[in-house]
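What follows is a set of notes on a single structure, which appears directly below.
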């Protein structure tokens, strides 16, 4: 889900924190990509006659085709991608995962009815709602990336948190995902739509975290509390509080604790046993691998390995795969020109910390000075 309504709230209050541009503007950049989000996009979008692409054995291959060609597109535009895969979901996410499972059950029932009625459009719609990225999909994508010479990272927990840690450490420029909670985890830069198909003709959106804080007049801690009020994957929300009210309350009271002290409990229903404190801790102290221990290396593609992996049972066209491998090799051999700012050392951010898997460190910089700009307008947009 990400953070409910956050992108629209930023557009309303801090539009200067968002830039739109083309993929070519990120030439020379290293970008950490939320792999699960990408695979989901590919499973939804890469289809033939409304159905996912499959091998001779009926195994889905849409995620492989999407990963192969979209990654080549990034490389041809001078971008060095590193894919970050989710690890074990945090316990706090169990409620959200249960809700997703229930929605899939409802979609399956609706699909059965649509199939019985022969409603083609409804069949395709509900089929898309049933899409789920599995461990098998992820493992196949990892093998493909290895053969392409593109690095990937296995996060111990949430991929967005690991991406943010890589950004803060100066290992990569930005996090690429559609989930706005990358900002809540402290990613200095968030890129949306980077891995979208060119056919969709949607500009890449670049969100600057520090500018968001400035526009909202919030510290990092206050921004996290705002995101919890808006709605995240880790706890319920207070019924009756939308985006406009949430930013108003945070600007006035500065924390959820103070909000609860002054809240009209008759008008706004607080969830019983609301675990907002645990959600806050998860955002401030996410379980991530120390970015300093991660080595990112882009190598030459294994053309024969790619042909063996993708052709044959998976039925990819050999000529196209060989052509793709040569394109990857060409980008590696010709990508010697860097960005002007790459001649200067990128210093790790000190604004938001990381912690190793076995360490717990508090979030630094949470007492950042508040800026003096902004106002609030209600907005709502899904992740």
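For all residues, glycine too, the Cβ spot is worked out from N, Cα and C.
DSSP assigns residue 158 (Mg(2+) 1 binding site) to coil in the three-state reduction, placing it in neither a helix nor a strand. Cβ neighbour count for residue 158 (Mg(2+) 1 binding site): 29 (other Cβ atoms within 10 Å of its Cβ, all protein chains included). According to Swiss-Prot, the Mg(2+) 1 binding site annotation covers 34, 86, 158, 160.
The DNA binding site annotation in Swiss-Prot covers 47, 70, 158, 231, 233. Residue 233 (DNA binding site) falls outside any helix or strand according to DSSP and counts as coil.
Of all Cβ atoms in the shown protein chains, 24 besides its own fall within 10 Å of the Cβ of residue 181 (Mg(2+) 2 binding site). Annotation comment: Swiss-Prot describes 179, 181, 233 as Mg(2+) 2 binding site, evidence class sequence analysis.
Residues or ranges marked as region 'N-domain' by Swiss-Prot: 1-104.
The feature region 'I-domain' is assigned by Swiss-Prot to 122-253.
The annotation region 'Interaction with PCNA' is assigned in Swiss-Prot to 336-344.
Look at Swiss-Prot and you will find 345-383 tagged as region 'Disordered'.
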According to DSSP, which of helix, strand or coil covers residue 86 (Mg(2+) 1 binding site)?
coil
Report the member of 34, 86, 160, 179, 233 (the binding-site residues) whose C-beta atom has the most other C-beta atoms within 10 angstroms.
160
From the binding-site residues 86, 160, 181, pick the residue whose C-alpha lies nearest to the C-alpha of residue 231 (DNA binding site).
181
Is residue 34 (Mg(2+) 1 binding site) helix, strand or coil when read with DSSP?
strand
Candidates 70, 181, 233, namely the binding-site residues, that fall within 10 Å of residue 34 (Mg(2+) 1 binding site) by Cα distance:
none
